[in-house]
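Worksheet: the structure to be examined is printed underneath.
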Amino acid sequence: MLICVPGILSKDDVAEFRHIMDSSDWEDGRSTAGAQSAMVKRNEQLPPDSEVARKLGHRIISAMTANPRFLAAAIPQHIFPPLFNRYAADSGHHFGIHVDNAVRGDKLTGLRIRTDLSVTLFLSEPEEYDGGELVIEDLYGSHEVKLPAGDLVLYPASSLHMVTPVTRGVRIASFFWLQSMIRDPLARSMIFDLDTTIQDLSRRMGRDDPEMVRLTGLYHNLIRYWAET
């Protein structure tokens, strides 16, 4: 399940983020990569324990958890503190094909999560750079993702994925992982489809329609059946 969520950050928010990051120090992105990923990772990132990364990360989490589409798709239990990366054409930056670690731990908070979903929040507009597509492999083939600044994409952390070489400009993004209350990806996908259907039908039929009440009850009972807390 690959889901795009528009407008997590406003354009003004993105501009503020970029202004702050432009005056920040960046380090080699391999510092947070696993052994295999480090061999194919060439980018820079804000130090994960820096005050800038933590403050901007908190703002992203607050914005995401106020977004109904994100909540419906992810059903988050734990969200890893967002990280920030930078791919520059003049440095030949890219990230070869890899899969994310199954478990991530945060040294500052002690949080350890199972990485069910990977998240990329774009902070550069598509016209600011060439290349830099996020390429995600799944059962249906290969998908290239390059979204407007402020939009994010959710995809299974078990997916093989890569970032193609940036050949012009600079690509800046936030990336992180989350553990969902619904561990099984098929169950999570069905829950999301049911939620979307309920929202669409409620606009036509009204939330107090008896059939809508039954469907809403089914939604909550399925979450009750599958959820891990």
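Cβ coordinates are placed from backbone N, Cα and C, and glycine is handled just like the others.
Values in this document were obtained by computation on a predicted structure and should not be read as measured data.
For reference, Swiss-Prot has these:
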- 78-180: domain 'Fe2OG dioxygenase' (DOMAIN)
- His98, Asp100, His161: Fe cation binding site (BINDING)
- Arg171: 2-oxoglutarate binding site (BINDING)
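Swiss-Prot feature annotations superimposed on the structure.
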residue : record                      : Cβ contacts under 8 Å, 6 or more apart
His98   : Fe cation binding site      : Gln36, Ser37, Val40, Lys41, Leu160, His161, Met162
Asp100  : Fe cation binding site      : Ser37, Thr115, Ser118, Ala157, Ser158, Trp177
Arg171  : 2-oxoglutarate binding site : Arg86, Tyr87, His93, Ser124, Glu128, Tyr129, Gly131, Gly132, Val163
Cβ within 8 Å of the Fe cation site centroid (His98, Asp100, His161 excluded): which residues? Ser37, Phe95, Ile97, Val99, Ser118, Ala157, Ser159, Leu160, Met162
Validating a neighbour-count step here. Other CB atoms within 10 A of the CB of His161 (Fe cation binding site): how many? 23
How many of the residues that make up the domain 'Fe2OG dioxygenase' (78-180) does DSSP mark as helix, as strand and as coil? 6 helix, 61 strand, 36 coil
When pLDDT is averaged across the domain 'Fe2OG dioxygenase' (78-180), the result is 97
